[in-house]
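Participant: Take this structure first; my questions come after.
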Protein chains: 2
Amino acid sequence: MPPTEYGTYLVTQASLSAGRETTEIVRTAIDGGIDAVQLREKGTDARWRYDLGLEVRELTAEAGVDLLVNDRVDIAQAIDADGVHLGQSDLPVAVARDLLGPEAVLGCSASTVDEATQAEADGADYLGIGSIYGTTSKDVEADRASVGPERIAEISTAVSIPFVGIGGITAGNAGPVVEAGAAGVAVVSEITAAEDPRTATESLVSAVETAKGMGDTPPHDD
Amino acid sequence: MPPTEYGTYLVTQASLSAGRETTEIVRTAIDGGIDAVQLREKGTDARWRYDLGLEVRELTAEAGVDLLVNDRVDIAQAIDADGVHLGQSDLPVAVARDLLGPEAVLGCSASTVDEATQAEADGADYLGIGSIYGTTSKDVEADRASVGPERIAEISTAVSIPFVGIGGITAGNAGPVVEAGAAGVAVVSEITAAEDPRTATESLVSAVETAKGMGDTPPHDD
């Protein structure tokens, strides 16, 4: 699907999943209505991520949910993922585009207007903007500067590709992110470490849908 | 060059290089006569490895020295390396072969006969057998079982692809590794942390060449 439809986006990280299996969380989140999954799993071996990725690919493909792989273009290609999500310390966006070809979905993390416009110029299809509200997933977000919610509107004006907000987002605070122009919200522990991941997912999906319904004007002029 | 010619093989790891720049070590080791370089650099960001890899690719290409990238098929492709070296926890050899195509050099670490024969069956072009003598590079070799020198001959009989020994190898103990059938020896800190990396490289190269000259019979029957 086009990243404009990434309303609720799950980022997996087994180390932040309260002992749950990533495949179980993905299955539950799919049932709860997510649109995309990013296989992150920082700090794990490539083989482990590849094996897990094959399982997650099967689950997501059956459900028509997009699968992105964090950082590793090779693993994304090996498991036939829809694309790759790159941080600012990963391979350059333009290099990944050369390796992946024009059809793959290419996302890039950005926390400033400069990073956002550069990523768009280099060929990114969507951005992950954050950390919006700070985060409890410190090992995931440690490389990101903090982004106040006011910067979303600024970035929304500067780029024409869609973006999701990430960092400390909950069902309770997702609304303003979407209303400011985000296509959706990305979360790690809000789903992976939730007491009830299914309910947490449904609450997020509902908050995003409500916020989208509330928008009187489209978030972009183009 | 074919991996049968990997007589002296440098594995880079900035964290084991006594504060020296990896590019400086590679340049010195090339001048000292190495045949291949593996960009290992575990624990560093992909962007850092990519930027370093572009520089090392330039140095090795000028000198006609092969360049392999540890673990990351994508970085190898992005910097136009000659190939990839995979550990047992990295992507499977057959998967990497699919991504890289038939021309790339594909190496695989093995510490048992089973791992060696499996890697050959999956399409590896050469093996890194170790740890031969134990190692001081614990963060590099922690995932390898210890291999006594006697196992080299056993593996030499079981596979027909060439292999290099790795782990605790010095100019003083390289001879028996080559005489037992190895194409050469791979080292990290023996060069990277040497008081004088140029002299350390030349001593290793000389030890390997002497051992090859001493062999009365070829190491393989085929």
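Glycine is treated like the rest: Cβ placed from N, Cα and C.
Annotations in TrEMBL come from automatic prediction, not curation.
Pulled these features from TrEMBL for this protein:
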| type | residues | note |
| --- | --- | --- |
| DOMAIN | B:9-191 | domain 'Thiamine phosphate synthase/TenI' |
| BINDING | B:Gln38, B:Leu39, B:Arg40, B:Glu41, B:Lys42, B:Asn70, B:Ser109, B:Lys138 | 4-amino-2-methyl-5-(diphosphooxymethyl)pyrimidine binding site |
| BINDING | B:Asp71, B:Asp90 | Mg(2+) binding site |
Participant: Need the DSSP three-state call for B:Asn70 (4-amino-2-methyl-5-(diphosphooxymethyl)pyrimidine binding site) to compare against my parser.
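Facilitator: It is in a strand.
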Participant: Restricting to the chain of B:Asp71 (Mg(2+) binding site) and a gap of 6 or more, list residues whose Cβ falls under 8 Å of its Cβ, or answer none.
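Facilitator: B:Asp71 (Mg(2+) binding site) has long-range Cβ partners B:Lys42, B:Val84, B:His85, B:Leu86, B:Gly87, B:Asp90, B:Leu91.
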Participant: Look at the binding-site residues B:Arg40, B:Lys42 and tell me which residue has the greatest number of other C-beta atoms within 10 angstroms of its C-beta.
Facilitator: B:Arg40
Participant: Within its own chain, what residues at least 6 apart in sequence put their Cβ under 8 Å from the Cβ of B:Asn70 (4-amino-2-methyl-5-(diphosphooxymethyl)pyrimidine binding site), listed in sequence order?
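Facilitator: Sequence-distant Cβ neighbours: B:Val11, B:Gln38, B:Leu39, B:Arg40, B:Glu41, B:Lys42, B:Val84, B:His85, B:Leu86, B:Gly87, B:Asp90.
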Participant: What is the number of other Cβ atoms found within 10 Å of the Cβ of B:Ser109 (4-amino-2-methyl-5-(diphosphooxymethyl)pyrimidine binding site)?
Facilitator: 25
Participant: For the binding-site residues B:Leu39, B:Glu41, B:Lys42, B:Asp71, B:Asp90, which ones lie near chain A, with a CB less than 8 A from one of its CB atoms?
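Facilitator: Only B:Asp71, B:Asp90 pass the 8 Å Cβ test.
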Participant: Note down the number of other Cβ atoms within 10 Å of the Cβ of B:Gln38 (4-amino-2-methyl-5-(diphosphooxymethyl)pyrimidine binding site), including every protein chain shown.
Facilitator: 27
Participant: Using a 10 Å cut-off, grab the number of neighbouring Cβ atoms around the Cβ of B:Asp90 (Mg(2+) binding site), all chains included.
Facilitator: 23
